[in-house]
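J.: Per Swiss-Prot, the feature disulfide bond maps to Cys6-Cys11.
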Amino acid sequence: GGNTECFWKYCV
């Protein structure tokens, strides 16, 4: 937890 940008199932 603590991601800022998520695309589909990939979070960075």
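Glycine is treated like the rest: Cβ placed from N, Cα and C.
Quick caveat, the model's predicted, so the values are computed rather than measured.
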J.: DSSP secondary structure for Cys6 (disulfide bond), reduced to helix/strand/coil, please.
T.: strand
J.: Measuring CB to CB from Cys6 (disulfide bond), give everything in the same chain under 8 Å that is also at least six residues away in sequence.
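T.: Those within reach of Cys6 (disulfide bond), by Cβ under 8 Å and sequence separation of 6 or more, are Val12.
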